[in-house]
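J.: Attaching a single structure in structure tokens format; questions to follow.
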Amino acid sequence: MAAPPSPAGAVQLPSSSSPALKFEVLAQCGRARAARMTLPHYVCETPMFMPVGTQGSVKGLTSQQLEELGCQVVLGNTYHLENRPGSELVAEMGGLHSFINWPRGMLTDSGGFQMVSLLHLADITEEGVTFQSPTDGRRMLLTPEHSIQVQNRLGADIIMALDDVVPSTAADDARFEEATHRTTRWIDRCIAAHGRPTEQNLFAIVQGGLDERLRDISLKGLVERDTPGYAVGGLAGGEDKRSFVKVVSQCTAGLPDGKPRYVMGIGYPLDIVICSALGADMYDSVYPTRTARFGVALVPEGMLKLKNAQFAADYRPLDEECGCMVCRRYTRAFLHPLAAKGLPFATNLISYHNIAYMMRLSRQIREAIKEQRYPEFVREYVARQFPAGDYPEWVVEGCRLAGIELSSSGSGGTAAADGTGGSAAVGSGGGVAAAAAAAAADGSRQGGAAADGAG
Amino acid sequence: MRRRQRAAAGGGGSGRRQAVAHLGGLAAGACIPLITAMFTVSYSDGDARSGELSTPSGAVSTPGLLVYTHRGGSMNLTPDLLEPLRAAGLQGLQLDALQFLNQPTPAVVQGGGGGRKFMALDGPGTVLVATGRDPAIYEYAGAMRQATNEWASVTTPTGAATVTPERYVEAVAALHPDVWVALSDDIPSDSRTDRAAKSVDRTAAWLAACLAAAAQQPGLAAAAAWAAVQGGQYLHERQRYAEAVAGQPGVSGYVLGGLGTGESPEQRQQIVQAVLQRLPAGAPRMLSSVGTPEEVLEAVAQGIDLFDTAYLLDVTNGGYALAFPLSPEADQAEQQAQQQPGAAAGAAAGAAAGTLQAAAGVAAGEAPADACGRDDSKLNLWALAYRTDKRPLLPGCTCFACANHTRAYVHHLLQTHEMTAQVLLEVHNTHHYLQFFREIRTAIAAGRFAAFRDWFLQRRQRWLVSEGGEQ
């Protein structure tokens, strides 16, 4: 448990050591912290974004490209992998790392999220969840024991407890109450079922919807169990963003300082910046790659909707500050017609860039924290996304909770309603943008396949 | 019969055929000041020949494969995956100029520094050949809207369009290609004789118009212009055009167009033969949109030098990995390994007693399952036979996919509709096919192309015979 003294020599920085995980906070800046997390397969630096390879690949990219891009941990999804190809087969192939040839860290989600994404195919009881397979209709009973057993076979560095997840937009207080307590009951079953505690780290997941009281109950129950790390679940499901930052703030404050904190399903760059300010360490989402397949590139100003005709003769790289392979070689003008058609070549390139962007953002966050200038970083980041100073209320609120004052650089920093996070589309101007948005919405419907729905 | 001919520019060729199609020689007095694409035949073996097309951007060894591109990119491969294929023999890319008439327009491409830079194909050693046909789709736009003497009716990614020679050359010039093929009135091989005659007349007129337009394009100053030979299935029309264009100033190479459109292999062979007889022997000849291994071998035997084809696209999209042996020696080794599975597997598994038998049992049990998932030239990675197959797509292959991933992984990616499946398959298939072309060149240089071709064709028959014989 002993942490090395901080550079100042005065403060003992938090740390923890579990049989298969060592977490050492390297620097703190307000509530934000940068840490080193040693996993069986990789030594990671947090805060970090983890791309999602739902079914064993981050769509369109190779494992080797993810390595080049500096990814530290890749997600896999228990429910989908158990369906196809099956965890026994993966075990026979030497585990998930070997099956997909990924040498660094891996994390598998428990299948809990599919209670949201595949709710129409799920039947939830105290014993577990019965899913009907979206591909062939077979039924699978996912109990806490089964989920852990499957994850033991997949062999990821971090495995997640099966939690009872309720869509955060549900208006059913009784269901949230039930799910909160059930999640705590299930963590004991998960811990008891965990067969590889010296090789894999079981993270508990805080539930409780948007209710402060329930979150508190969940936090208390789970912290008592002393798992190697913790996740905040049940968010990023379309809830209003003010509630979202409040819950994140409450949970990061209630979780042990010396252990990793993972906010599940977070992938909008701005969300990551704010959550990191609140002391979170890990994030995952399909957003960067999914939005790439809709022709959207992530940039410091927000995003570029490349289908928009305004890029037809724009010879700048996607992001002038990005040195990735795509930005070094290609222009927006080149990618525009290809993205508009959704060609795999183009979507692979944009996915590549978007992951590069997320990796760079994570690195910048870590550096700013280590250099004790995270508040400045946040202020600059937000100002760039909202050059008019019209900061969304939730951003202001999130920063306030993190102790960061947002100087309202523009006029009245009043509240554009809840933004979707980084929605400052560089590419949205006038009527053309409406068409592009319509095209993007069209893409969303096509892309909303269940198999895609990790988060 | 083998002879080695080393042709030097302007060297002592007598008569109209020179081994080097050096335009400067043919186009004496023409207004083209700078000709840089040069073709040299180094080896002949029967009618097959091997040589090199050199251009300002690099050289393509012939017989060679121009790798298919769609709107400036490969189908699935980011440049970090495409460029290492140079080691396997990637030298040239085919671009369909009709994909650059709009979205992007020639002006946009030009504004981005020209196609080479715009499409990031400006690395050293990449030869770009711009043609007027997409090998992957033959949508005969003329069926909907007949071409006129002024314009061709074509299919572009944004729909049907008409294109004049001038507009076509504008699109070509923006691409900054090393070689470009003039616009032709491309008709399917079942067109009627009067349509074929019209096609020949128009193609001749459009060639002249294209050359005139190209002379005004600085971007094409260093590019070689090639003519597409049309004429449908009618040998006399094909010959008429071939004769007309054979000595045309400003033309340094030829493309056999309008093929792969429903003609029989025998018909195609006759057409190729009739045309090649009338073209300068020293000029490069390309066969467009035809390109399975057998078709390539047949055409090479007749003296074709370059191919563009969507074969790899079809194979990749079907979930197949090319797996045919590249030489008779490799074939023999493979057969021996199949006949004595125990020996091979046992050697790998170690010499412990019992292991040998177990390994042999596994191998024997594996053979029929494996057979379900493959034919003699490719693996069908969709097949359940590969669910737990830890081998690379093709053992011994050095491509990125084979060096890093297993059949089981590719099978899983296909089953789950993951896009990375096509990425890995396209890498492997392109790598393998480029190696196949390299073997063809080696065989010609060694004067054993006929044997190589016979081996390959008989190999396919052997498969059918042995399967039938056993059951």
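For all residues, glycine too, the Cβ spot is worked out from N, Cα and C.
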J.: Give the range, chosen from B:20-43, B:212-235, that TrEMBL lists as transmembrane segment.
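T.: Among B:20-43, B:212-235, the range TrEMBL annotates as transmembrane segment is B:20-43.
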J.: Per TrEMBL, what member of B:His70, B:His176, B:His236, B:His428 joins B:Cys397, B:Cys399, B:Cys402 in binding Zn(2+) at one site?
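T.: Answer per TrEMBL: B:His428.
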J.: List, in sequence order, the residues of the same chain other than B:Cys397, B:Cys399, B:Cys402, B:His428 whose Cβ lies within 8 Å of the centroid of the Cβ atoms of the recorded Zn(2+) site.
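T.: What remains near the Cβ centre is B:Ala321, B:Pro392, B:Leu393, B:Leu394, B:Thr398, B:Phe400, B:Ala401, B:Ala403, B:Val427, B:His431, B:His432.
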J.: When you tally the Cβ atoms that lie within 10 Å of each candidate's Cβ, which of the binding-site residues (B:Cys399, B:Cys402) has the highest tally?
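T.: Its Cβ has the most other Cβ atoms within 10 Å: B:Cys399.
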J.: What same-chain residues, at least 6 away in sequence, bring their CB to under 8 Å of the CB of B:His428 (Zn(2+) binding site)?
T.: B:Ala321, B:Leu322, B:Leu393, B:Leu394, B:Cys397, B:Cys399, B:Ala401, B:Cys402
J.: For B:Cys397 (Zn(2+) binding site), which DSSP three-state class applies?
T.: coil
